[in-house]
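Student: The structure's right below; bear with me while I get my questions together.
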Amino acid sequence: MAVFKGEVTALPPDKSISHRAALIGSLSEGVTEITNFSAGFDNQSTLGVLHDAGIEVSQHEIDGAYGRRIRKVIISSRGLWSFTAPEKPLMCNNSGSTMRMFAGILAAQPFESELVGDSSLMKRPMKRVADPLRQMGAGVDLSPAGTAPVRIRGTRDLTPLEYRLPVPSAQVKSLVTFAALHADGETRIIESIRSRNHTELMLGLETIDRPDGERVIVIPGRKTIVARSFYIPADPSAACFIVALGLLGSNSEIIIRDVCLNPTRVEFIPLLTGAGADITIENSRIIGGETIGDILVRSTRTLKPLVISNPTVVAGVIDELPMLSVLSAFSSGEFELHNAEELRTKESDRINAIVVNLERLGFDCEQYPDGFRVIGRRCRPVGQVTVACFDDHRIAMSFAVAARATGEGIALSDSDVVGVSFPNFFEIIENLKA
């Protein structure tokens with residue numbers, strides 16, 4: 001077993017906050033400065049569509065903490081209606097976040113536009129994007145299969161509404177919020193199961209917690225958004241891979257600096273500590289409305305099996321489920337997941353991708369429509385096994401962590417895909433080897 005020790009100070013900036021900071025900047029009057037913006041492919045796609053829709057965007061490197069070079073993005077805008085009709089379809093590449101959230105802004109612009117992506121994104125469902133925007137008065141056309149291209153006939157006359165989220169989705173919540181900022185009146189979004197709340201925090205929106213557990217987000221329409229500065233903390237979803245590496249490694253101790261600790265983003269930590277993981281939070285503080293701190297992880301080779309079925313918990317760890325399932329399988333030999341149909345509509349069908357690869361590695365699995373089970377029996381294969389990445393960065397990194405930590409002969413079909421969210425993933429792992 002490999003040993004990993006050291007300090008991680010170059011974790012990728014948070015993807016979710018980077019997307020939202022850029023989009024909010026495009027709606028703000030004045031100059032928005034975003035420090036420590038993500039260099040990942042997805043976030044660069046957001047900057048690309050903003051530029052192609054007429055927003056002035058620039059980025060350059062500056063000196064950051066711990067002797068690092070970091071990215072600073074500057075966005076200049078005149079406010080809510082600063083966009084111009086694009087001359088060609090807006091390319092979102094592999095970024096579903098870009099396509100879904102930017103659709104909310106384009107719905108309020110007085111021109112026609114089209115959002116497209118790579119072959120993977122063009123297969124992902126977009127009906128949940130179209131439905132609320134149509135209710136608000138925008139024209140939205142999809143393919144016969146309900147996928148991209150997303151063709152939008154925008155209007156300055158969007159109607160405010162009360163919208164109940166049909167599924168817990170921070171992206172849908174955000175796209176409705178961005179559209180509602182342009183509507184003539186107050187929009188209310190109701191969520192029964194909480195999802196990440198960065199958009200509400202960054203816009204300073206009023207939220208109402210009902211006695212029945214539902215939350216209402218109140219969005220006033222046509223209010224001036226004044227440009228401000230944003231600092232992007234380290235991505236907790238990326239931190240989860242390093243946490244798993246430390247837990248699976250032998251006699252390992254890793255500290256991960258300046259991670260976003262927003263409670264809606266780090267629900268994987270109480271799950272793991274409840275299973276016996278040695279994880280500690282240090283140096284917690286508030287910056288720009290977000291909780292930021294350091295994560296200290298020490299080897300915990302044998303964890304209690306993870307069983308995840310509560311819909312609220314599933315929604316809270318949806319991005320971390322590939323890593324959590326692989327970690328639990330290699331640590332305890334067991335894992336069980338239910339109520340996670342959403343995983344089938346990500347960059348890949350992640351339920352199938354995880355099961356296929358675990359079975360290649362000798363695990364006995366059962367697959368369900370909404371999840372799967374690792375049963376606890378393993379016949380370890382002889383020789384090297386190549387796991388399929390399915391063009392999915394989280395699948396690739398989850399099995400890469402298992403390979404590096406256990407020393408087993410596991411190869412990846414496509415390691416370059418990690419650049420979508422974590423360009424320096426392999427470099428960090430190599431630097432942590434003791």
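Glycine too: its Cβ is placed from the backbone N, Cα and C atoms.
As the structure is a computational prediction, the values presented were derived from the model and not from experiment.
These came from Swiss-Prot, pasted as-is:
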- Lys15, Gly96, Arg124, Gln171, Arg350, Arg394: phosphoenolpyruvate binding site (BINDING)
- Lys15, Ser16, Arg20, Ser169, Gln171, Ser195, Asp319, Lys346: 3-phosphoshikimate binding site (BINDING)
- Asp319: active site, proton acceptor (ACT_SITE)
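So where do these features actually land, and what's packed around them?
Tutor: DSSP assigns Arg124 (phosphoenolpyruvate binding site) to coil in the three-state reduction, outside any helix or strand. Annotation for Arg124 (phosphoenolpyruvate binding site): spatial neighbours Gly96, Gly117, Thr147, Ala148, Thr345, Lys346, Glu347, criterion Cβ-Cβ under 8 Å with sequence separation of six or more.
Counted within 10 Å of its Cβ, the other Cβ atoms near Ser16 (3-phosphoshikimate binding site) come to 27, all protein chains included.
Asp319 (3-phosphoshikimate binding site) carries neither a helix nor a strand DSSP state and counts as coil. The Cβ of Asp319 (3-phosphoshikimate binding site) lies under 8 Å from the Cβ of Ser237, Arg394, each of which sits 6+ residues away along the same chain.
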Student: With 3-phosphoshikimate as the bound species and Lys15, Ser16, Arg20, Ser169, Gln171, Ser195, Asp319, Lys346 as its recorded binding residues, calculate the greatest Cα-Cα distance and give it in Å as a whole number.
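Tutor: Result: 19 Å between the two most distant Cα atoms.
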Student: Find the shortest Cα-Cα separation between Arg350 (phosphoenolpyruvate binding site) and the binding-site residues Ser16, Arg20, Ser169, Ser195, and name the residue that gives it.
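Tutor: Nearest listed residue in space: Ser169.
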